[in-house]
Amino acid sequence: MAGDTQQTGSEYIQHHLTNLTFGHTEHGWGFAHNAEQAKEMGFMAINVDSLGWSIGLGLVFALLFRWAAKRASAGIPTGWQNFVEMMVEFVDGTVKDSFHGRNPWIAPMALTIFVWVFLMNTMDLIPVDVVPYLMGLAGVHFQKIVPSTDPNVTLGMALAVFVMIIYYSIKVKGIGGFLGELSLQPFSAKNPVVQAIFVPINLALELVGLLAKPFSLGLRLFGNMYAGEMIFILIAMMYGAGWILGTFGGVLQLGWAIFHILVITLQAFIFMVLTVVYLSMAHEDH
Amino acid sequence: MELIMIAAAIMVGFGALGAAVGMGLLGGKLLEGTARQPELGPMLQGKMFLLAGLIDAIPMIGVGIGMYLIFAVAPGVAA
């Protein structure tokens with residue numbers, strides 16, 4: 001970072017947007033040295049940084065909450081225990097409001113989604129150049145610290161939610177119920193011939209609705225975080241433009257970071273609420 | 001390649017137009033509801049933030065894809 005020639009703006013942005021990808025190229029397995037090589041690696045490339053940060057944060061969440069649960073004592077609740085209790089009660093309340101089936105598995109999953117996505121998003125608040133500079137010293141030149149700005153991560157989570165929707169729909173409504181819900185929904189008629197005409201129209205409508213759920217769920221988080229990080233990068237570019245613009249950039253960074261705190265919590269909350277609502281719709285048995 | 005700029009601008013522009021109108025209406029209705037029944041203020045505000053996040057989704061997806069177009073699909077054009 002420091003040694004090379006004067007970077008153009010687009011190179012700086014490009015540098016902050018390339019993942020650390022590990023994949024197969026003609027030189028065999030290895031890390032990509034630039035964006036083009038990463039693109040060549042194609043589908044089977046692994047974004048090591050997104051995986052590393054997201055799994056690491058998932059572990060942080062799991063271990064910290066388990067530690068709180070282990071040491072929970074009614075007598076002398078510690079500050080951390082109060083915080084964890086507050087989070088659990090908050091999520092439990094939201095799930096109770098919006099989930100109408102009976103499934104003991106939903107609330108813990110909702111808590112996991114909320115805290116994990118929140119942790120992943122808060123990595124965005126770390127100033128743009130700090131971690132890449134430190135990682136640069138350690139020899140890692142390309143790195144994206146916020147896992148949720150990687151479409152693979154957000155669409156991957158949305159895909160998991162989609163699989164859950166299908167699984168629970170079939171489990172609660174049965175295959176017939178689920179397919180019936182797709183094919184008989186908006187238009188139905190007594191006369192079988194007319195009904196047969198309606199089925200493809202219904203299927204088209206319902207399938208679009210069904211596929212829109214995971215797609216919008218994943219892309220909503222990606223769009224918000226990617227746009228947020230892009231603005232942080234653009235602000236960070238102002239630091240290199242002399243004292244006046246630099247200090248103005250600092251003020252902008254502070255303002256945008258404070259607003260971004262709202263965006264981060266809101267997006268994590270919406271991801272959780274929509275997952276619970278989709279699963280609640282999957283559990284409805286007519 | 002320069003058309004990508006126009007494409008991204010259209011995506012972001014129209015998305016923002018819709019969201020701005022939606023947010024304006026949402027805010028107005030929140031104020032009306034709170035004025036009509038002040039004790040429901042906090043609950044309405046909670047719902048308003050949830051809906052603001054949902055309204056924000058589509059333009060943000062547009063912004064996300066628009067910036068993806070600019071910086072990832074055609075990196076050279078931005079400079």
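Even glycines carry a Cβ here, placed using N, Cα and C.
TrEMBL lists B:6-27 (among others) with the feature transmembrane segment. Beyond the ends of the transmembrane segment (B:6-27), by six or more residues, the same chain brings 48, 51-52, 55-56, 58-63, 65-67, 69-70 to within a C-beta distance below 8 angstroms of the stretch.
Under the heading domain 'V-ATPase proteolipid subunit C-like', TrEMBL lists B:6-69. Taken as a whole, the domain 'V-ATPase proteolipid subunit C-like' (B:6-69) shows an average pLDDT of 89 in this prediction.
Residues or ranges marked as transmembrane segment in TrEMBL: B:48-74 (among others).
The feature site 'Reversibly protonated during proton transport' is assigned by TrEMBL to B:ASP56. For B:ASP56 (site 'Reversibly protonated during proton transport'), the same-chain residues lying six or more positions away in sequence with a CB closer than 8 A to its CB are B:ALA19, B:MET23.
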B:ASP56 (site 'Reversibly protonated during proton transport') -> DSSP, reduced to three states, gives helix
Secondary structure split (DSSP) over the domain 'V-ATPase proteolipid subunit C-like' (B:6-69) reads 63 helix, 0 strand, 1 coil
